[in-house]
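Features from TrEMBL:
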| type | residues | note |
| --- | --- | --- |
| TRANSMEM | A:21-40 | transmembrane segment |
| DOMAIN | A:64-238 | domain 'Penicillin-binding protein dimerisation' |
| DOMAIN | A:271-604 | domain 'Penicillin-binding protein transpeptidase' |
| ACT_SITE | A:330 | active site, acyl-ester intermediate |
| BINDING | A:354, A:369, A:375, A:389 | Zn(2+) binding site |
């Protein structure tokens, strides 16, 4: 080894080294040149792209949902408000392991399988990236504290106060206000780009009732914030913003006191009450019983609760005053009578003999009166209405004919949607020749006319339609569209006159007097309700068959199961001289129409006593 | 020294030596190099201050590391070159021994076992190897006939291979690349024939497939794949590269201004204060800042090569050149990986990235350069 050193050629080594050093110097220059080209490409050539990307990284548009418009009754009582509720949401994009996070959250707060299922449903829906998806609503303070303490290990989990719809009278107004609920996938799919924009930041939408009908006014305009966020999505500063515009408030014609009284009078029995302001068509009360708590639906009803409601035999979700189509029975007799007068088929003085049935020509079939032995030998129009004589109206109808009866009754809103400002209304059925040919493919028989004349057969009407009919009678022909909302955002909604029924004044007099006789007459079918009243009323009772009674058989309530018994109806208005309020009541399977009349009396009392005091 | 006869000390009073050179000789420092290093380190502290979200504590801690590292540098610079050469085999053996020890008693984090714990003080043997390797190889080859014979090349490769494998196994790909480079660089400067170099490059290319199959860890493979297509995994492995490219690109020519970088300050850029710190610099100081830093690095490299060229003996020459070139590899690999040219291998940006140990070895390396630069003149007959 040491020998080798003696022969080391230092000169040659140095020369090799210099050559190699020059080579490396060139290599260094080349490699550094590569770096420079790279940086030039990034910082000069593609500079703008990266600026865009950097901005997209840090700047996010946060929608600010507007406050939903409030709903008041006519006296300024709040019916639908927005309550701050603490909601636990997850920003999926910021969560590394969703399962893990859900487990951790499950240890901290109470999360049901139902919550998770609904959360997963929403995750699958189309949504903006980085939009928080709600998992649990209505956190209590203890839960909020638990979450705050564990925030460090819950990336992507947010707790924020959210305004959630609250119905102060959950059950009382469920069928009129309706409710809001989470925007469903189907609804979302139907949104166009504009609508989608409007609902950014908003999680609920009106599902039924007023909430649905007035959705666009209640919603308001979305605001936004341009915010700078860090990589973990925390908002660091607001770059600029536009405030949201709150939705418009609604003031209703409805009166909570009357509504409450009507609800209480129904007392959990199946039925409906509609009360209409005669002068405007404004709906003072509209009750469908049994009802349900609309608040259950706001943040998503649990499957258990929903099943309970949906499978109940009493159909609490069914809106009886709007969608319940009942045979109106004798309640339409004033209109039929008026048709007879108008078309000169009868005069108030004409009388008939009522043996307790009516026979059509030589037909074997007997059309029975509800009173087996009949109402006597000289039944005139006043008595026929006051005592609800069927035979009189069989004869009237037969002489009048279906065509005139149909067109006359239509003017009172029978067989057509009333146009009330809530969706999903049913139109009932006010039969005509054309209808029967179209629907059944059959010709019209004279017997059909007889059934229609006493509100049976194919005739169907909703309680709302009956209330409109009654209000039209009470106002002597002024047929208004029923209207729940009195003003929108302070702007009054003018009443809409659908049509003016043109009938000679003396005919109104006759019919309205007869309806007065129903309540105040000696033999009036609703005379039980005039006791102790310091005002006078008018009305008409009715019963509607649930099952047909075969020829020659007797109606025997004992033999019929409870749900097959007749429905009890009453329509009426008060006060008699200066009509203010018209009411329609139906009590399912209640048999006695006077019980329906009693409910009307309670409604009148509340309304008139307060008005007078 | 065995062959004193061939050498004679230059008279101290040589008139050709200028005053400054004499001063440098006496304190064993190279003022040019020192000035460049100080410029980079002080400038780096400003970048670090921004990258660490204006943490004074971080900057202070790094300042302390700098002081320690500069003291180490000055200390190493005083060691006579011939003493280093004598120490070389021992340093190498001890370093390899410690690397073996790491396998059995090492501690670590994130699935890597890199440190030895000595009573509360953590020590990374691979850092020691960064210095021991070039010294040992330079000492070994420096005594041989150059260009080296095949036998010596073989042994050199063995000396390089053993610690590199140990470090790869830790696993620490970045450090192993630097250690391998520092050893092989000596071989290159010693004048290994181009034939061997081409043959080696060919062999390396051929070994890529078995390397991929059997040696590389999944996370290392992922880094390579991510380099080829960072968009494939935007939120996972590709995130770092996409974010660092975004930071660099959005900086433009003038940069967003000191402390104004959104990518780094809003936490989009991961590892902004360590391996990816040049992205912060590029975002805030733009292409201009990058050019200045690269210029400074180039001057350091140029000065290092100059020292190597002026060295009096093969040992010093090879060692100085190797240290200088390894420094460049550091720079190139780091900047290349941050800008998306190379896979992410975990090499810090020398003198700027936060971190103590690597800084000490780095500056100790420059201490060696200074020792070589200021070695008392010996004249070869």
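Each residue, glycine too, has its Cβ placed from N, Cα and C.
What's the neighbourhood like for each of these?
Reduced to three states, the DSSP call for residue A:330 (active site, acyl-ester intermediate) is helix.
Residue A:369 (Zn(2+) binding site) carries neither a helix nor a strand DSSP state and counts as coil.
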When DSSP is mapped onto helix/strand/coil, what comes out for residue A:389 (Zn(2+) binding site)?
coil
Report, in whole Å, the straight Cα-to-Cα distance of residue A:330 (active site, acyl-ester intermediate) from residue A:389 (Zn(2+) binding site).
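So the Cα of residue A:330 (active site, acyl-ester intermediate) lies 9 Å away from that of residue A:389 (Zn(2+) binding site).
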Hey, what's the Cβ neighbour count for residue A:389 (Zn(2+) binding site) at 10 Å?
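Result for residue A:389 (Zn(2+) binding site): 26 other Cβ atoms within 10 Å.
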Tell me whether residue A:354 (Zn(2+) binding site) sits in a helix, a strand or coil according to DSSP.
strand
Centre the Cβ atoms of A:354, A:369, A:375, A:389, go out 8 Å, and tell me which other residues of that chain have a Cβ in range of the Zn(2+) site.
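Here the non-site neighbours turn out to be A:356, A:371, A:374, A:376, A:379, A:384, A:387, A:390, A:391, A:392.
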Considering only the binding-site residues A:354, A:369, A:375, which residue has the minimal Cα-Cα separation from residue A:330 (active site, acyl-ester intermediate)?
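For residue A:330 (active site, acyl-ester intermediate), the spatially nearest of the binding-site residues is A:369.
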Same-chain residues six or more away whose CB lies under 8 A from the CB of residue A:369 (Zn(2+) binding site)?
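Looking at Cβ-Cβ distances below 8 Å from residue A:369 (Zn(2+) binding site), excluding near sequence neighbours, one finds A:354, A:356, A:357, A:358, A:375, A:389, A:390, A:391.
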